[in-house]
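Lifted from TrEMBL, the feature list:
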DOMAIN    1-63  domain 'HTH dtxR-type'
BINDING   Asp8, Glu99, Glu102, His103  Mn(2+) 1 binding site
BINDING   Glu11, His77, Glu99, Glu102  Mn(2+) 2 binding site
Amino acid sequence: MATPSMEDYIEQIYILIEQKGYARVSDIAESLSVHPSSVTKMVQKLDKDEYLVYEKYRGFTLTPKGKKIGKRLVYRHDLLEELLRTIGVMEENIYNDVEGIEHHLSWNAIDRIGDLVQFFEEDESRVLALREIQKKNEVQE
Ligand SMILES: [Mn+2]
């Protein structure tokens, strides 16, 4: 099992490879706001655990195992952003809130949140009904 911190790295490496075709230590360090030496250390661990392979001059590539988990981690992040946006969380809070909770939910909870997001997506009136409640609560606060 990947630890929360390993998950952050796999997620970022997956995103970088999707966007640019490769992931370098410097890019990962920048996107996670950590020191390059921490990245090197984690990359060695991820290599040892067979999430990625380090190739001289080419940077890293994710193994099938790394790609599979990377894809799920990005899906989970995007789903949680969608949930928070749907329930009306302020845009400026969404990214950091998701970063704070994403590692602490079971995949079972993620699946049920998927149902909930779908529940709102399938019928706009459900979102509007929620907004009505929120308006009422705002007045009472
Ligand atoms: Mn994330």
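Every residue gets a Cβ built from N, Cα and C, even glycine.
Location within the structure of each feature annotated in TrEMBL.
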residue	record	DSSP (3 states)
Asp8	Mn(2+) 1 binding site	helix
His77	Mn(2+) 2 binding site	helix
Glu99	Mn(2+) 1 binding site	helix
- Item | Residue among the binding-site residues Asp8, Glu11, Glu99, Glu102 whose Cβ has the most other Cβ atoms within 10 Å | Glu11
- Nonlocal residues around His77 (Mn(2+) 2 binding site), in sequence order (Cβ under 8 Å, 6 or more apart): Glu11, Val98, Glu102
- binding-site residues close to ligand 1 - of His77, Glu99, His103, only those whose C-beta is under 6 Å away: His77, Glu99
- Secondary structure content, the domain 'HTH dtxR-type' (1-63) (per DSSP, counts of residues): 38 helix, 8 strand, 17 coil
- Once the chains shown are all counted, how many other Cβ atoms turn up within 10 Å of the Cβ of His103 (Mn(2+) 1 binding site)? 16
